[in-house]
Amino acid sequence: MNSSEQTPTGGRDPVRVFLVDDHALFRTGVRAELERAGDAVTVVGEAGSVAEAVAGVAHYQPDVVLLDVHMPDGGGAEVLRRVRSTRSSVVFLALSVSDAAEDVIAVIRAGARGYVTKTISARELVDAVVRVRNGDAVFSPRLAGFVLDAFADRPGAPPISDPELDLLTPREREVLRLLARGYAYKEIASELFISVKTVETHVSSVLRKTQLSNRYELSRWASDRRLI
Amino acid sequence: MIATLAGAAVLTVPWWLRTVRALDEERRARIRSQERAEIAAHLHDSVLQTLALIQKQAEDTKEVRRLARSQERQLRGWLYGPSGYGRGGGGAAAGPQGPAGPPPAADPTDSGSVAPHSPVGRSLSEVIAEACGEVEDTFAIKVQQVVVGDCVVDERIAAAVSATREAVVNAAKHAEVGEVSVYVEIEPTQVEFFVRDRGKGFDQEAVPTDRHGVADSIRGRMERNGGSARIRTAPGEGTEVQLRVPRDANRQ
C-alpha cells in the first residue's frame with residue numbers, strides 16, 4: 001500500500017529504514033540490532049537532528065522512518081510536519097522512551113503510524129517496521145492505554161461534536177483493551193473470534209480517529225505539552 | 001511647593017520603572033539558576049550514582065539490568081510523573097531520589113506482604129507503578145504496566161493491588177518468562193486488574209494444596225473485599241489473572 005518502487009507490495013525486498021534520533025549511541029544500537037535480525041529490513045541512513053532528518057528522508061526516500069519523539073528543535077512531530085506534505089509515501093514509526101502521553105499523542109497526530117518503546121526486542125521491532133510498511137498501525141500496550149485514556153468518557157467531558165471521529169466503537173475499545181493487556185494481534189483475533197485482518201482494520205480506524213478527532217482531551221494534551 | 005514635588009515625582013518615573021524591571025530580571029535569573037542547580041543535584045544523586053554502580057558491577061548482567069531498570073523508572077517518575085518535573089511541578093515536589101540502590105530488604109518469598117506505608121489515600125496509578133517496580137527489582141524481570149484512568153485508593157482497592165502484586169510475583173517465580181503485562185482500568189463503578197504472561201501456564205486442578213498463593217492471596221483477598229478473581233491458564237498457554245473490585249459509590 002505505502003510501499004515505494006523499490007518494494008512492491010507483498011514482495012520480499014527488505015524494508016528500507018531510516019533512523020532519526022539525537023543520540024548517536026542509540027542509533028548505533030538499533031542499527032546493529034536490525035542488521036542482526038535478518039534480511040527483512042535494511043538501514044539506509046540515519047540522522048541526528050530535525051534538519052538532517054528532513055534532508056536525509058528526501059535523499060534516501062526510505063520506506064519507513066524510525067522517529068525519536070524527543071529531539072531538540074521540535075522533535076519527531078516537527079520532522080513529520082516538514083516531511084509529510086512532500087513525501088506522502090514514507091511512513092513513520094515513533095520509537096521513544098518518553099512516558100508522557102501528550103508527547104506520544106502529538107507525534108501520532110502529526111502523522112506517525114504507530115508508537116513503540118525503546119525497550120522493544122529486535123524481533124518485535126522488525127515485525128512492527130514490516131507492519132507499518134504494509135500500511136497497518138502499530139500500537140504498543142502503552143499507546144493503547146493513552147488512546148483509551150484520551151477517548152474516556154469522564155464526568156464533565158465536553159459534548160461530542162463528531163460521533164464518527166470522537167467516539168470509539170465498542171469493538172475498537174475491546175481491541176484496544178486487549179492490546180493494553182499485552183495481547184498480540186493474533187491472540188486478539190482468536191479471543192474475539194475475528195480474523196487478524198479485522199483486528200488490523202480496527203486498529204487502523206482507531207489510529208485515524210486519534211489523528212483526526214478534536215475531542216477536548218486530545219487538544220488539551222497538545223496545548224499543555226511542556227517539554228524540557 | 002506641591003507643584004515642585006509632583007514635578008519631581010513625574011520626572012523620576014522612568015528611573016523607577018527601570019529599577020523595578022531590573023529587580024524583576026534579577027529575580028528571574030535567580031530562579032533560573034536555582035532551578036539549574038536543582039536539576040544538577042538531582043542528576044548527580046540519582047543517575048550519576050547509578051552509572052557508577054553499574055560500572056562497578058559490569059560483570060553481573062542481572063544486577064546491571066536491575067539497576068538500569070530501577071534508575072529508568074525513577075527518572076521517568078521525576079520527569080513525567082504526576083508531580084514530576086515535566087508536569088510543571090518544577091521538580092521540587094518530587095525531590096532528589098537516591099541512586100537505584102540495593103533491592104528492597106523484604107524477603108522475596110513473603111510476596112503477599114503489604115508495603116510498609118499504606119497505599120490508602122494515594123493515587124492508584126502511583127501505587128501500581130510502585131508495586132510493579134518492586135517486583136521488577138526483586139525478581140529481575142520486566143513488568144510492562146498500563147493504567148487507564150486514576151482514582152484514590154481505598155481499603156478494597158488496596159487489597160486488589162496486593163492481589164495484583166501477588167499475581168505478578170507468581171508469574172515472575174513460576175512462568176519462566178522475562179516479561180509480565182499488567183493492565184489496570186479505572187471505571188466509574190469498578191476497577192479491573194489484569195496480569196498476563198506468556199509463560200508455561202499450569203493445570204488449575206493440579207495445584208498442590210500447600211501452595212496457597214492463588215487460593216488465599218488472590219481469590220480469598222478479592223472475595224473478602226467484595227471483588228472477584230478469575231484465572232485463565234493451561235499448561236503451555238500462559239496465564240492471565242483477572243481481578244475486579246467495585247468502587248465505593250459514596251466516594252469519587
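Backbone N, Cα and C atoms are what each Cβ position is placed from, and that goes for glycine too.
Just so you know, TrEMBL annotations never went through curation; they're auto-generated.
Record features, source TrEMBL:
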DOMAIN    A:16-133  domain 'Response regulatory'
MOD_RES   A:Asp68  4-aspartylphosphate
DOMAIN    A:161-226  domain 'HTH luxR-type'
Which whole-number mean pLDDT does the model give the domain 'HTH luxR-type' (A:161-226)?
84
Count up the helix, strand and coil residues in the domain 'HTH luxR-type' (A:161-226) according to DSSP, in that order.
49 helix, 0 strand, 17 coil
Long-range neighbours only, meaning 6 or more apart in sequence with Cβ under 8 Å: which ones does A:Asp68 (4-aspartylphosphate) have?
A:Val20, A:Asp21, A:Asp22, A:His23, A:Phe26, A:Gly75, A:Gly76, A:Ala94, A:Leu95, A:Ser96
